[in-house]
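Presented below is the structure to which this report refers.
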Amino acid sequence: MVRVAINGFGRIGRLVMRIALSRPNVEVVALNDPFITNDYAAYMFKYDSTHGRYAGEVSHDDKHIIVDGKKIATYQERDPANLPWGSSNVDIAIDSTGVFKELDTAQKHIDAGAKKVVITAPSSTAPMFVMGVNEEKYTSDLKIVSNASCTTNCLAPLAKVINDAFGIEEGLMTTVHSLTATQKTVDGPSHKDWRGGRTASGNIIPSSTGAAKAVGKVLPELQGKLTGMAFRVPTVDVSVVDLTVKLNKETTYDEIKKVVKAAAEGKLKGVLGYTEDAVVSSDFLGDSHSSIFDASAGIQLSPKFVKLVSWYDNEYGYSTRVVDLVEHVAKA
């Protein structure tokens, strides 16, 4: 049984808790969010506009939220170093604030007494692991790790399968990405990203993403071979990766489908999905895969040049992998 604490009770923090509570080998012992009172934390956990109402019982008292009779201690500390992770016997702190995502800042959880930290955001200093891609490289001496981003979790398994079978010479990725909490409901100030300050619900907004370059960190053989961008679109959840690649080996689209399907039914089962149905984004709400290859959406121009399409629930699929990584780290 791994004892976890969650820091940051936003979109990812709340879904991570839902998923963790369903795992027999994971015990959620505490959560911290300096901006949320216990009654509000219980309310937000119970009601979710995207993923629906929590099926069990949720209540609270002065020091806990109570889920299905289980008491989870709550704290409102701004500085993670002040949290009682040592006295709470926290094995792994899950940091889903998006703030403490580098080795020096995530170290605060270790200083507070947690044995290890899993960051639910890409990191430029902490080692990144993508389940199904490079988690076997994790060693128990690593105290702080990152689960990378939702888009990297979608792209990396597909890129690995394609690169292993055909070789990727180079590629460009576009993610058509649902809106997130960083965006604005109406035009507002956004000094570092002017486009990002425009109304989220009424625009298609070009944006940057480091997801494709990050694939090179989890798959060194693809370092420098992929880059990408994003379009933020007015859907609440589920995104889609468009990966256009030049291959080293000539192949057919049917052969690509066979290879991806075999991986989805084999070594990447549960991480990579496969469909030939005429699907749209809402069909993947609540899908726990990192990446679902859409076989009927891709196209091929020539034997070495293809466009591949893969869906992901950028909230639920990613949060599922966070808990998978927590369990993997705990076992190592």
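The backbone N, Cα and C atoms fix where each Cβ goes, glycine too.
Annotation source Swiss-Prot lists active site, nucleophile at Cys150, citing sequence analysis. Long-range Cβ neighbours of Cys150 (active site, nucleophile) (same chain, at least 6 residues apart, Cβ-Cβ under 8 Å): Ser239, Tyr312, Asn314, Glu315, Gly317, Tyr318.
Counting only residues at least six positions away in the same chain, the Cβ atoms of Asn7, Gly8, Phe9, Gly13, Ala41, Thr74, Gln76 sit under 8 Å from the Cβ of Asp33 (NAD(+) binding site). Residues or ranges marked as NAD(+) binding site in Swiss-Prot (evidence: a large-scale study or a structure entry): Arg11, Ile12, Asp33, Thr120, Asn314, Tyr318.
All protein chains shown were included, and the count of other CB atoms within 10 Å of the CB of Thr209 (D-glyceraldehyde 3-phosphate binding site) stands at 22. Per Swiss-Prot, the feature D-glyceraldehyde 3-phosphate binding site maps to Ser149, Cys150, Thr151, Thr180, Thr209, Gly210, Arg232; the stated evidence is similarity to another entry.
Among the features that Swiss-Prot reports, ubiquitin cross-link is placed at Lys46 (among others), with the record citing a large-scale study or a structure entry. DSSP gives Lys46 (ubiquitin cross-link) a helix state.
The ubiquitin cross-link annotation in Swiss-Prot covers Lys63 (among others), and the record cites a large-scale study or a structure entry as its basis. According to DSSP, Lys63 (ubiquitin cross-link) is assigned to coil rather than to any helix or strand. Within its own chain, Lys63 (ubiquitin cross-link) has Asn38, Ala73, Thr74 as residues 6 or more apart in sequence whose C-beta sits under 8 angstroms from its own.
Per Swiss-Prot, site 'Activates thiol group during catalysis' is recorded for His177. Listed in sequence order, the residues of the same chain lying 6 or more apart from His177 (site 'Activates thiol group during catalysis') and placing their CB within less than 8 Å of its CB are Thr151, Ser207, Thr209, Ala230, Phe231, Arg232, Val233, Ser239, Asn314.
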The one of Thr151, Thr180, Asn314 whose CB sees the fewest other CB atoms within 10 Å, among these binding-site residues: Thr180
For NAD(+): widest Cα to Cα gap among Arg11, Ile12, Asp33, Thr120, Asn314, Tyr318 in Å: 22
Neighbour count (Cβ, 10 Å) for Ser149 (D-glyceraldehyde 3-phosphate binding site): 23
Pairwise CA distance, Arg11 (NAD(+) binding site) versus Lys46 (ubiquitin cross-link), rounded so that it is a whole Å: 13
